[in-house]
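Read the structure below first, then the notes.
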């Protein structure tokens, strides 16, 4: 009878009901104390006091909520203090479940950060388009350094697309399934393209600082565009055409299931793992290039006052090649919540 839509587990399968025949009891000034005994290792991260909240309509599933209840853990005992009477239990949480407050704060941070990044990338793109110096015939020969600003512009465009599609992914999750699938595919494609252009930045940097003599690659920028725009978009379009259900409604679970959040994103675990592998390979290449660049800068430094300038350069390059995206590989155990906040702040503000 007391089973929610997510088949949540309660401690020892014990549910305690407390009522008065005189009517509904709520808002007690002195909360009622309920004790649940157990023989397992529990703390605030994996067990919390909850009460049963019936569904709104006929036939609808209810859910567990912890509003009005406080949880205290002692050895072998979970103590619940609640300000009302109903059915009570101790809900066992997943190790990676966020609280609704944490999810709400992360959502606000990412929304503000992505909005600022979208505005900044758009302004920078306009500056690059309308205020770039004119190209004289004698100075328009194809050289590596001539393409640096253009590569920056492609990365900016990819980040702008990524930020805009991310901002749309949650509002459009309330709409039609087809629209949500297209939005999820757009978000996935923009992420893959942004990461690919970060790799292109690292490759270009490697050519500039390491291979500095007589380097000429025919149709250099066109080839970068085919790799960084063409291949990711082609892969996403193929998945969207032949396995459309890879994209759709993705639920972000919290410790209180009735406060979950839905967005348009990947619904397939293999696709998620493939995206992580793709990200890992790009970040490994970028970090190797960044390490090589740091060695070159250290060797080029000739005076003590240059050290600070070099570290500023390295920090800028760290943002440019997207090494902060590597935080995605630390989303486990005690690192989960700090990693999520660092990842959200740094990467939403990358633009």
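Placement of Cβ uses the backbone N, Cα and C atoms for every residue, glycine included.
Just so you know, TrEMBL annotations are computer predictions that nobody has curated.
Feature annotation from TrEMBL assigns domain 'GAIN-B' to 1-98. Over the domain 'GAIN-B' (1-98) the predicted model carries a mean pLDDT of 82.
The domain 'G-protein coupled receptors family 2 profile 2' annotation in TrEMBL covers 106-351.
Sequence annotations record features per position, and here TrEMBL assigns transmembrane segment to 109-132 (among others). Remote same-chain partners of the transmembrane segment (109-132), defined as residues 6 or more beyond its termini with a Cβ less than 8 Å from a stretch Cβ, comprise 149, 152-153, 156-157, 159-160, 163-164, 166-167, 341, 344-345, 347-351.
Residues annotated as transmembrane segment in TrEMBL: 153-173 (among others). If you look at the transmembrane segment (153-173), the same-chain residues 6 or more away from its ends with a CB under 8 A from one of its CBs are 107, 110-111, 114-115, 117-118, 121-122, 124-125, 128-129, 179-180, 183-184, 186-187, 190-191, 193-194, 196-198, 200-201, 224-225, 228-229, 249, 261-265, 320, 348, 350-351.
Sequence annotations record features per position, and here TrEMBL assigns transmembrane segment to 185-209 (among others).
The transmembrane segment annotation in TrEMBL covers 221-242 (among others).
The transmembrane segment annotation in TrEMBL covers 271-290 (among others).
The feature transmembrane segment is assigned by TrEMBL to 311-337 (among others).
Sequence-distant contacts of the transmembrane segment (311-337) (same chain, six or more residues past either end, CB-CB distance under 8 Å): 95-96, 98, 102, 155, 194-195, 198-199, 201-202, 205, 276, 279-280, 282-283, 286-287, 289-290, 293-294, 297, 343, 346-347, 350.
If one looks beyond the transmembrane segment (221-242) by at least 6 residues along the same chain, the residues whose Cβ comes under 8 Å of a Cβ in the stretch are 147, 150-151, 154, 158, 181-182, 185, 188-189, 192-193, 196-197, 199-200, 203-204, 271.
Sequence-distant contacts of the transmembrane segment (185-209) (same chain, at least 6 residues past either end, Cβ-Cβ under 8 Å): 144-145, 147-148, 151-152, 154-155, 158-159, 161-162, 165-166, 169, 215, 224, 227-229, 231-233, 235-237, 239-240, 247, 264-266, 275, 278-279, 282, 285-286, 289-290, 292-293, 296, 317, 320-322, 325.
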